Amino acid sequence: MNIYAVGGAIRDDLLGVPVQDRDYVVVGATPEQMVAQGFRPVGKDFPVFLHPDTQEEYALARTERKTAAGYHGFQFYFAPDVTLDEDLARRDLTINAMAREVSPEGALVGPVIDPFDGQADLHARVFRHVGDAFVEDPVRILRIARFAARFADFTVADDTLALMRRMVDAGEADALVAERVWQEIARGLMEAKPSRMFAVLRECGALARVLPEVDALWGVPQRADYHPEVDTGVHVMMVVDYAAKQGYSLPVRFAALTHDLGKATTPADVLPRHVGHEGRSVELIKPLCERLRVPNECRDLALVVAREHGNLHRVMEMGAAALVRFFERSDALRKPARFAEMLQACESDARGRLGLDTQPYPQAERLRVALVAARSVDAGAIARGVGDDVMQIKDAVHRARVEAVKQALAIGE
């Protein structure tokens, strides 16, 4: 048998990018031989094994044939007679269809095996499909878009983009399971330039199928005095990219993506103003998250950011009582960590605008100082001093928090 490192590990090594983990293909072996050498079988649809020492995954070389629509509609063939080139031919992109042999000690040996000119495409910074079988797996649309977010200076080859459009037109994107859509979108959001993912999805028409709420934002105008970039879709991409540049978490980046969804449903006769878009955004985020099975922490932050980001931008105008009400409404007193992420998302919103990416955002510091003061109030001690009347306790605690915030910010009211 021969063992090869394949795919992303070879690509990243050639690019000079740190290799996170490796995928291995075994040619000329049977499942029984793998087990005899101590490998543990874990594959469900095709033979994948864990190395007895490193626990890395090793897959037997295989070919695959499309048998039904969607992500799971494949029939796999694996046997000792499947060659390395045949295994590489089933892969999505030429830059992912390269291999190097692995020595018994685990070192890469010999030249790069590159039957589809992946090295040339790496040099040209091009995503190019390996063959016509590319159209058989709709997940590849999402994967290419995600790769675009990681390798932002790459472009999609014209013929590859044409195939992606054909797949979308044929309804293949509609067959994607929700969990896989979210998985790829989430991974793309965590790359260096998430806007590139959405640009590729828009180019091939897939964004309108998997995230129609986001796709609808392009072409929706905003007031130029607040948004020099004008177009809502452009603004949202700038917000997401700003959040990525700051290294913010997935919940923050998802909130950045969804905070203005309601602007797409603003009546045409009131544009470019968007009165009430916050509430409309909330009503769009809820079914989106349910449809894609978005994790609760992402959904909850997105909802509070969508509802409150306009208010948060205006906190410099708020007195102590209004600030405490804002904290109570956004659950900041009980969930300060989530509130910190809310500040990050709103700061990204303020700076994700043409020419305004370095503008001061004093709202964040004002809220941090005020929240520390409000949370310093000992609600338990106040409750013990007031008695059993719940409303009296709430009122006394609220007044104490207002006074604490007033003193912390030296606000005269």
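Just so it is clear, glycine is given a Cβ too, placed from its N, Cα and C backbone atoms.
Copied over from Swiss-Prot:
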type    : residues                           : note
BINDING : Gly8, Arg11, Arg91, Arg143, Arg146 : ATP binding site
BINDING : Gly8, Arg11, Arg91, Arg143, Arg146 : CTP binding site
BINDING : Asp21, Asp23                       : Mg(2+) binding site
DOMAIN  : 232-333                            : domain 'HD'
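All features noted in Swiss-Prot, drawn onto the structure.
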| residue | record | DSSP (3 states) |
| --- | --- | --- |
| Gly8 | ATP binding site | helix |
| Asp21 | Mg(2+) binding site | coil |
| Arg91 | ATP binding site | coil |
| Arg143 | ATP binding site | helix |
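Within 10 Å of the C-beta atom of Arg91 (ATP binding site) sit 22 other C-beta atoms, taking all shown protein chains into account. Around Asp21 (Mg(2+) binding site), the same-chain residues six or more apart in sequence whose CB sits under 8 Å from its CB are Ala9, Glu56, listed in sequence order.
When other Cβ atoms within 10 Å of the Cβ of Arg11 (ATP binding site) are tallied across all protein chains shown, the result is 23. Residues belonging to the domain 'HD' (232-333) score a mean pLDDT of 96 in the model. Residues Gly8, Arg11, Arg91, Arg143, Arg146 make up the record's CTP site, and a Cβ search at 8 Å around their centroid adds Gly7, Asp92, Leu93, Ile95, Asn96, Phe147 from the same chain. For the binding-site residues listed here (Arg143, Arg146), the lowest count of other CB atoms within 10 A around the CB belongs to Arg143. Across the residues annotated as binding CTP (Gly8, Arg11, Arg91, Arg143, Arg146), the widest Cα-Cα separation comes to 16 Å. Assigned with DSSP, the residues of the domain 'HD' (232-333) fall into helix, strand and coil as follows: 78 helix, 0 strand, 24 coil.
With a cut-off of 8 Å between CB atoms and residues at least 6 apart in sequence, the same chain places Val19, Asp23, Asn96 near Gly8 (ATP binding site), listed in sequence order. For Asp23 (Mg(2+) binding site), the count of additional Cβ atoms within 10 Å of its Cβ stands at 18 [all protein chains shown].
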